[in-house]
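The annotation domain 'Tetrahydrofolate dehydrogenase/cyclohydrolase catalytic' is assigned in TrEMBL to 5-119. As annotated by TrEMBL, domain 'Tetrahydrofolate dehydrogenase/cyclohydrolase NAD(P)-binding' applies to 140-281. The NADP(+) binding site annotation in TrEMBL covers G166, R167, S168.
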Amino acid sequence: MAELIDGKQLAKTINARTQQAVTQLKAQGISPKLIVIIVGDDQASQIYVRNKHRKAKQLGIISETRQLPEETSQAELLEIIDQYNHDDTVHGLMVQSPLPPQIDEDAITRAISPAKDADGFNPVNVGNLYSNSPLNFPVSCTPKGIMTMLAAYQVKLAGANAVIVGRSNIVGRPMAALLLNASATVTVVHSHTKNMQAYTREADILIVATGIAHLIKGEDIKPGATVIDVGMNRDEDGKLTGDVDFDSAESVAGKITPVPGGVGPMTIATLLQQTVELAKWSE
Ligand code: NDP
């Protein structure tokens, strides 16, 4: 049976370190502050953001939502982002997806100051990541959290065959860059890949981020591989489930993340860790 990678427990450790860092910063007169902008009333966003704020408050981070109406124009949103970019009391800024159709997500990502980019999505930061610049920060939180997990569970990266299923800007692509920077041999597969299983079966490290429940089965996994399941899907009975078929995978994999309790808690812990690092950086 595979060793379980306990994201929930590791997130607690990261959160405790973040809390200590917040205390130290406050002693220097800096109060880390995160602003999350929501446009419209997408219910999933509201829940997700509420969870972020609750956790942030527990750690002593000032965390505020700027709720804007569904009909907010792109110009109005850009103006508000500009105000936060110039507000020295704000260290982390993010705009929650999804955005209404009148707003161009790419323009918004570009508008957030790279120095306050809590999500790590600004192209300047993405470029730094892809060029493995020493200024390789901030970085998209889900893949960054996965790197923390791999390190905590002593998964060897240099020379490992890493296969990433999915190529989104928030997970697959930054994950590929982080693993490449760590000297893994990286393959990214996606919906156009022919015979995807031929790649996944060769993976020492398999990272799955597709949003398709149970896409990867035990037979698609190399025996002993480390399997990281990013997927968050709802079963017919409403239960949260991953992109990996856990029951068949756990007898093949060497290490595996559960859903829930794997990547999810690490993403929020990493966002808050990164916000505090941005506050430190702003000194
Ligand atoms: P996207 O929908 O943006 O991307 C999905 C990717 O999966 C695409 O690259 C797509 O390929 C690929 N894909 C779809 N079908 C297949 C297939 N049959 N075979 C191979 N590849 C396929 O999703 P995200 O990256 O945003 O999220 C993925 C999952 O991770 C979701 O369940 C999401 O909820 C979850 N998630 C969880 C987080 C957490 O903190 N736990 C954080 C972020 C996401 P193509 O590009 O060709 O269309």
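Including glycine, each Cβ sits where the backbone N, Cα and C put it.
Overlay of TrEMBL feature records on the structure.
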residue : record               : contacts (Cβ under 8 Å, 6+ apart)
G166    : NADP(+) binding site : G172, V188, H190, V208, A209, T210, G211, V230
R167    : NADP(+) binding site : R173, A176, V188, H190
S168    : NADP(+) binding site : A209
The domain 'Tetrahydrofolate dehydrogenase/cyclohydrolase catalytic' (5-119), counted residue by residue under DSSP: helix, strand, coil: 59 helix, 19 strand, 37 coil
Three-state composition of the domain 'Tetrahydrofolate dehydrogenase/cyclohydrolase NAD(P)-binding' (140-281), taking helix and strand from DSSP: 53 helix, 26 strand, 63 coil
Chain-mates of G166, R167, S168 with C-beta within 8 Å of site centroid, NADP(+): I164, V165, N169, V171, G172, R173, V188, H190, A209, T210
Model confidence over the domain 'Tetrahydrofolate dehydrogenase/cyclohydrolase catalytic' (5-119) (mean pLDDT, whole number): 97
